[in-house]
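**Student:** One structure is given below, represented as structure tokens, and several questions about it will come after.
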Amino acid sequence: MNKYLNLKVLSLCSFLATLFVACSQPPQQTKMPPMPVTVMSAKAVDIPLSFSYPANLTSDKDVIIKAKVSGQIVQQFFKAGDKVQKDQILFKIEPDKYQAAFDIAKASVLVAEANLENARKEHSRNQVLIQKQAISQRDYDTSLANYNSAKANLESAKAQLQNARLDLDYTSIRAPFEGILGDALINVGDYVNASSTNLVRLTNLNPIYADFFISDVEKLRFNRNLADGNWEINNADVSINVNNEAIQGRLYFVDSVIDEKSGSVKARAVFDNNDTKLLPGIFTTITSSGFVQKNGFQVPQTAILQDTRSAYVYTVVNGKIAKTNVNIAYQTNDFAVIDKGLKEGDKIVLDNFKKIKPGSDVQEVGSK
């Protein structure tokens, strides 16, 4: 019995010793094979840039026409939607009383001219007589005063005639510029008051303008890159998309003052609109092109990574992953333009980002 027990104890001790030796040996580490990655070679080129903004079409001339004299409308010479030329007659106000006022003013000028001629002759005679001491100084002074008064009366009569002529002319209400008319806001027979009654809306549609706004940050970026020579402008163009049609225009102005409330700069482009298919109030997107990034690196957005401090890309250096911080000068949904951080020939990693990190061994399996 004791012999059998001793054998069991001996066997157990031998097993434990073997287990202890096995556990005390360090495990053998298996080296992971290099991770396959696709890379692209960085190449500095001149890259065309374009910028898009929401825009609102507007007219530079859009007015409600009012009468300049009061009276009854006796004629209308247009229908809604008509295109009219500058000075074309739109309405006629009953002119009788203005014609009468003009005739009276004209007659007053004739009377004033006759009075002036009479005063001139009287004064001329008195000039001769005063030298002969045939009249008193008082009589001479009176004739001179009458002559000057007659001249002033004539000037006053002429001014009244001019006012009467203007009032008579204002009975024909004319278009102040070329444009498209809306519906008449009054009817023939209505009495209108000078400067207060709305008659019709007139809008100039050719050319038409697109107003848009550039953020202060972007405006400063424009100025800095142009001043530094990083960007150039080659034949700057603008276009809008209306009903899936691209319409070309030209930049009209960019304001030099940043609006404090919106933090943006107003800009305006102008478009020919001979067929009047562009209408004020249309909201669209305006694209400005013609800018060029000098010696930039175009990198797919999928290769751009971001941490709390900056954007970066992974590059391959001697078969290992390196983190390379970059500066993005411009970007779209598809690509970014890098102006700092890369150099010609750098190998930029394009995929397998979840399986690599700085220092990882990689194998290039494809390039673009």
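Cβ atoms are placed via backbone N, Cα and C, with glycine included.
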**Student:** According to TrEMBL, which of these ranges is coiled coil: 28-55, 140-167, 196-223, 308-335?
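**Tutor:** Of the candidate stretches, TrEMBL labels 140-167 as coiled coil.
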**Student:** Using a Cβ-Cβ cut-off of under 8 Å, list the residues of the same chain that are 6+ residues beyond the ends of the coiled coil (140-167) and lie near it.
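**Tutor:** Cβ under 8 Å, 6 or more out: 69, 98, 101-102, 104-106, 108-109, 111-113, 115-116, 118-120, 122-123, 125-127, 129-130.
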**Student:** Taking every residue in the domain 'Multidrug resistance protein MdtA-like alpha-helical hairpin' (105-171), what is their average pLDDT?
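**Tutor:** On average, pLDDT over the domain 'Multidrug resistance protein MdtA-like alpha-helical hairpin' (105-171) sits at 94.
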